[in-house]
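In what follows, a structure is listed as structure tokens, so that the remarks can point back to it.
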């Protein structure tokens, strides 16, 4: 638990995360737009760009590839010097946007948490050098930054707080998590940065020629575990009648994130991450629970 004297640093970090989150959203959409402007490049050509980058990084810095779980572990174990932490952050930031913009299987749900952790690590290291902060609290800022960065990008503060709470299993950080999430949320909103999934949804609707409704409430993220024997288990996403006003954001499978596509087969134990409007969240939640829970037949 952070001492009260450090709450000023939490506010400063929250401001930084709000700015960085807004920049991440802009940069991700900008890279998507760049792919569209490249003449005579098909799906294969788009996928070739991140594939070449991954090949080069695999030879030079293989640790930056993958989910990033190992990077966070090494970061919290203080195995990196400051310059290496900054370098890994920059590479992961660019590679994440380039990969996602190409349409390659993956996602941004896990990568943004890793990026947030590294922002917290950088801030914590600077705090030790500049403000004389106790090095033992660097890992606290790593966790806080994950929640704040998630909030700034997705604009779902409660979900961000719960995610980190589930990771730590401790309520001692709840106040600091709330403070940093609120600050990051306010800063990103003041910068007029739309939630990333809302922006992606609008682009998808425009691409399909469907109307885009501008007046919407706050966005809610929920997670649903696919149970054995449930209506969606072992079915393709395109074959399921999903609730209206519900966007499938990601599928978590075995510690990896998968971008939901029409032909993606849902497997038991998958975790489906959905986004919906606040006003529809109740109805959507009930329908998703019914789709994902186990259905049993009773014979009398």
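Cβ coordinates are placed from backbone N, Cα and C, and glycine is handled just like the others.
Unlike curated entries, TrEMBL annotations are predicted automatically.
Packing against the transmembrane segment (7-27) from elsewhere in the chain are residues 93, 97, 112, 115-116, 119-120, 123, 127, 131, 133, 141, 144-145, 148-149, 151-153, 176, 179-188, 190-191, 193-196, 199: each is 6 or more residues past its ends and has a CB under 8 Å from a CB in it. Here TrEMBL flags 7-27 (among others) as transmembrane segment.
Per TrEMBL, transmembrane segment is recorded for 47-68 (among others). With a threshold of 8 Å between CB atoms, the same-chain residues lying at least 6 positions outside the transmembrane segment (47-68) that come near it are 74, 88, 91-92, 95, 98-99, 102-104, 110-111, 113-114, 255-257.
Through the fold, the transmembrane segment (80-102) approaches residues 24, 27-28, 31-32, 34-35, 46-47, 49-50, 53-54, 57, 61, 63-64, 68, 71, 74, 108, 111-112, 114-115, 118-119, 121-122, 125 of its own chain, all at least 6 residues removed from its boundaries and within a Cβ separation under 8 Å. Positions annotated as transmembrane segment by TrEMBL: 80-102 (among others).
Here TrEMBL flags 108-128 (among others) as transmembrane segment.
Panel annotation: around the transmembrane segment (140-165), residues 1-2, 9-10, 13-14, 17-18, 20-22, 24-25, 72, 75-76, 108, 112-113, 115-117, 119-121, 123-124, 127, 171, 173-174, 176-178, 180-185, 187-189, 193-198, 218-221 of the same chain, lying at least six beyond its termini, place a Cβ under 8 Å from a Cβ of the stretch. Summarising the annotation, TrEMBL assigns transmembrane segment to 140-165 (among others).
Annotation comment: TrEMBL describes 171-191 (among others) as transmembrane segment.
Among the features that TrEMBL reports, domain 'RCK C-terminal' is placed at 209-290.
Helix, strand and coil counts under DSSP for the domain 'RCK C-terminal' (209-290) come to 16 helix, 27 strand, 39 coil.
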